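Okay, structure first, notes after.
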Amino acid sequence: MTTNYIFVTGGVVSSLGKGIAAASLAAILEARGLKVTMMKLDPYINVDPGTMSPTQHGEVFVTEDGAETDLDLGHYERFIRTKMTKRNNFTAGRVYSDVLAKERRGDYLGATIQVIPHITNSIKERVISGAAGHDIALVEVGGTVGDIESLPFMEAIRQLAVELGRERAMFMHLTLVPYLAAAGEVKTKPTQHSVKELLSIGIQPDILVCRSDRNIPSNERKKIALFCNVQENAVISMRDVDSIYKIPQLIKAQGTDELVCKRFGITAPEADLSEWEQVIYEEANPTGEVTIGMVGKYIELPDAYKSVNEALKHAGLKNRLSVNIKYVDSQDVESRGVEVLEGLDAILVPGGFGDRGVEGKILAAQYARENKVPYLGICLGMQVALIEYARNVAKMEGAHSSEFCTETKYPVVGLITEWTDGEGKVEERTETSDLGGTMRLGSQLCHLAKGTKAYELYGSATIHERHRHRYEVNNNLRPQIEKAGLKVSGLSADKKLVEVIENPNHPWFVAAQFHPEFTSTPRDGHPLFAGFVKAAGEFQRGELEK
């Protein structure tokens with residue numbers, strides 16, 4: 001199969017939404033029956049985002065094969081059906097690390113290692129490898145044109161375009177077209193300068209996607225086309241919208257997919273966007289509204305919980321409910337008390353690392369249990385629910401996780417030292433293992449017990465969900481907690497690790513060690529989140545069974 005490439009770059013400012021624009025175009029091309037994939041090239045020196053602070057970088061998105069990747073891969077999976085893998089995201093740090101490892105082995109036979117050709121060749125090899133087997137690959141380069149870090153990546157895609165030829169490669173560049181209220185017009189000069197910067201690297205954009213808070217007038221688009229050396233119909237106006245799921249229709253209405261197919265000589269049927277039309281309709285016509293409290297420690301940057309936020313919205317679509325997310329700092333729960341949780345229709349405690357704010361999360365789980373408020377715990381959210389139950393119901397005074405308190409008499413959560421991965425291999429870890437890439441990662445099989453809430457929601461005895469954690473329920477203390485009434489409703493493939501817990505004495509209290517948010521999509525939703533939001537609506541209306 002011959003693969004065609006669309007290289008996506010950004011200029012003027014960062015955070016323009018390259019990932020959303022690229023994913024939207026990919027969704028249209030997929031709707032035309034083409035096999036599409038996407039890649040994200042990150043210019044930072046970290047080997048992967050796994051050890052980066054969520055408040056700096058946003059969430060770490062985990063792929064099925066266990067790669068810790070950029071949050072843009074979450075957007076990709078929510079827009080297209082192709083599942084991302086470790087081949088769909090790599091960083092400058094990963095490239096340099098691999099090149100240096102080869103140099104140490106002597107693979108370069110004593111050559112002087114340079115950015116060109118060694119680093120650029122490595123980037124090109126990874127792009128070609130990751131795109132193999134698809135009709136079209138959209139390759140997004142992180143950062144902004146002109147950044148010193150992105151130069152090797154820009155050079156690599158320039159070389160690739162030359163090697164592939166015009167009939168197999170094209171460039172899509174996103175820029176900002178600001179509106180000046182004093183002048184009463186949009187300004188194209190930043191876009192012109194951004195393209196000029198791109199041209200200085202040797203790249204001529206074929207499509208310009210212009211971000212603005214309004215539609216860009218026809219005369220301004222003509223001006224951009226003239227000065228930036230692109231066809232007028234290739235200047236795409238991408239105005240601000242109230243939902244990212246409207247972007248595919250916005251791009252298609254301007255014939256962007258037709259431009260791509262014409263350039264690559266592809267004959268494909270018209271795109272069927274009926275699924276996206278349904279998503280937009282559901283989003284615009286809710287029958288009610290619920291407020292869900294997200295109790296976390298990274299709330300100053302909502303992108304730290306990007307997939308959870310989106311999964312809640314998707315669940316809202318499935319229930320025809322508008323979901324308002326109220327971010328609650330877990331430290332506020334500690335310092336101000338559980339009063340900050342009053343008035344919520346449901347409580348969600350997401351994943352996290354470190355002991356800051358943990359007691360606040362434990363209090364949130366206790367509040368939800370005692371007041372019969374719907375509760376969904378994810379990863380650490382399951383662990384704090386277990387700790388709270390052990391302390392206050394099983395009467396295991398001072399119960400805790402060994403991650404936060406090594407002196408506890410009841411370490412109900414402890415480090416996993418050995419487990420079987422998705423491929424059946426046994427993985428081992430110790431307290432002294434590196435932090436990076438040493439967790440239980442990726443999609444794992446889970447057995448659900450019949451007659452439980454989890455089984456009812458999923459409608460299946462076996463499921464696959466993605467993991468990212470080092471700590472698990474301590475099986476030595478598990479019988480004591482179960483005896484006190486907590487139900488273990490999900491177990492790992494080898495039935496040695498606890499994956500899902502429930503409180504049978506509560507109308508809706510479910511917590512999972514895995515991350516269900518990573519597999520939720522706007523078109524399909526996710527059963528766990530759909531059930532949770534439904535319960536929130538019933539709780540609000542006083543219909544939730546006590």
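Using the three backbone atoms N, Cα and C, a Cβ is placed for every residue, glycine included.
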L-glutamine site partner of G352, L380, G381, M382, Q383, E403 (as recorded in Swiss-Prot), chosen from R440, R466, R470, R478: R470
Further CTP ligand in Swiss-Prot, beside D147, I148, E149, K187, T188, K189, P190, T191, Q192, K223, within candidate set S14, S15, S401: S14
Residue among D65, D70, D72, D303 sharing the ATP site, where Swiss-Prot lists S15, L16, G17, K18, G19, I20, R239, D240, V241 as binders: D72
Residues near H515 (active site) in space but at least six apart in sequence (CB under 8 A): V62, S307, G351, I378, C379, E465, R466, H467, R468
Whole-number Å value for how far E140 (Mg(2+) binding site) lies from S14 (UTP binding site) (Cα to Cα): 13
Among K187, K189, the one of these binding-site residues whose Cβ has the fewest neighbouring Cβ atoms within 10 Å: K189
Least surrounded among the binding-site residues, given as S14, T188, T191, Q192, when other CB atoms within 10 Å are counted: S14
The one of K223, E517 whose CB sees the fewest other CB atoms within 10 Å, among these recorded positions: K223
Maximum Cα-Cα separation in Å among residues S14, K187, T188, K189, P190, T191, Q192, K223, which the record lists as binding UTP: 24
Whole-number mean of pLDDT values that fall within the region 'Amidoligase domain' (1-266): 94
